[in-house]
Amino acid sequence: MKAAAIVALLAALVTGHAMDLPTSKIDPVVASYVQNASTVPSVVVEFAATPAFDASALARLPRPDRLATITTLLETTARQSQGGVLELILDALTNDPSLQAQSYYISNRIFLSHASASLVLAIAADPAVSLVRTAIPDGQLLGFVTSPIQNDATSAGNLVAWPIERIKAPSAWQRGVRGANVVVGTIDSGVRHTHKSLNSTYRSDHGWFDATGGASPSPIDYSGHGTAVTAAAVGGAPAATWMACAACQNGRCTERAMTACAQFMLCPSSVEGSTAECGLAPHVIVNGWHTDAASWFTPVLVAWKVGGIVPVFGSGVTQQLVDGVSPRQCSTVAGPASSDLALAAVPTNVDDSVTEFGRFGPAQEYRVKPDIAAPGNAVRTADASADDAYIVRSGASLAAGYTGGAVALYLSAFPHATFEDIFVALTTSAARTKSVGLRCGGLPDDSFPNNVAGAGRLDISLALGVVSAPPNNLMSAKVPTATTTTDSPSVLVGITTNAPSNGTHDRNATAAPTDTIAFANSET
């Protein structure tokens, strides 16, 4: 849209003259800035186009090709639908160097900072745009209760303690199932990769990305949270490797950073963003954060699922205290954990009762949540303060970590298992939890599944069922990789959109003269 058209839009907004103003696409907060200020601090642009995945055709492809094909389709969708808006942004950059923009194909959204009111109106008028909104409120790390312990000789290794014993991981190890050939990803505050419990299993090849703006070229933990969660995950699956993305600083995680990490996990890039190897994507992703909003993350969960990536979330942590205790409250599980496309884990005490600080269901539409219960109180895990430091912590994200480790064990035994296979295996084999007398969504917590403990406490040994010896494929070579240039037209089945777009912008393009439009995982 050229300058004259933008002026006409502004004039109509001020005078109230009738014309097809795009204000119906603009949320009230952004609209208020447009009417009362010259710039809008933060804007997220959503597009109507969504990729149409042929899940059955994709499932027949080797994993690296499947992930590369999904990435190609997402990139194509974003390029075609975002083209007109990107042209507007490039034009605006010539006169406004403070403008910043970031495009993400995994959710088909553009994030803008310091956009002028006229630019926002012009963007909203693009027929490919479905919504112009503010970013969701920052997500939060699932908080910990901590108490330090003394380091001693027993602190080393894979932290075999009560949580590992409780989920029956050692029984799986004895049968040769230890997580080999499985990669666990974490989206959190980062990881201290030199910690003695983690350094030997870090997958350094395309294994780290800092989306916080800190741009650390090697793994770093901004708060210590991610180190503890990652150690819990690989503690249960000691032969698995791990990779990480930092999305959170000071306990807070922006929508942009969480989206950047989600995209990195789908098709990991090198640290400088020059190459992407989709075949190096993790098999399971442990998310140590939560948001109150839920639907914003659905496009990511869809892409992960068709790619064969299993997302695990903690059910959440309640912050309300009564006499110093967090009361157990129904209908408090929220965010991506409430989705049927994710596994949600609620933390348990050593006596197999759910903790006071957990969040419980039901979720929207009376969906039963959480899905599974796992240890999450008084857990001894790695501390990011030093390479040999350990600490006792409590939190829902630790339950997610142990669940993620169990998923890694299952995939090590059954490499072709789907999300549904894993869900059924974990939930049908779960042990009954101790009742706390809570009834949520009409379901008592001594009848399973329920909205307090889900299907019950995780038992990976029982979930593995008939696996009595390591399958032959556990001895297979390194997982092959594929780049995003792999193209399988038979499964690129199309794009669903309300309007065509003529965009031709490449994902690695940068915008002259300020290089403030970045694509893929190339931001700093």
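Glycine residues also receive a Cβ, built from the backbone N, Cα and C atoms like all the rest.
Bear in mind that the values here come from a model prediction, so they are computed numbers and not experimental data.
Positions annotated as signal peptide by TrEMBL: 1-18.
Across the domain 'Peptidase S8/S53' (179-431), mean pLDDT in this model comes to 93. Here TrEMBL flags 179-431 as domain 'Peptidase S8/S53'.
Residues or ranges marked as active site, charge relay system in TrEMBL: Asp188 (among others). Sequence-distant contacts of Asp188 (active site, charge relay system), defined as residues of its own chain at least six apart whose C-beta falls under 8 angstroms from its C-beta, comprise Leu141, His225, Gly226, Val229, Thr230, Ala244, Cys245, Ala246, Ala247, Cys248, Val286, Asn287, Gly288, Trp289, Ser397.
Under DSSP, His225 (active site, charge relay system) is assigned to a helix (H, G or I) in the three-state scheme. What TrEMBL lists as active site, charge relay system is His225 (among others).
Among the features that TrEMBL reports, active site, charge relay system is placed at Ser397 (among others). Under the three-state DSSP scheme, Ser397 (active site, charge relay system) falls in the helix class.
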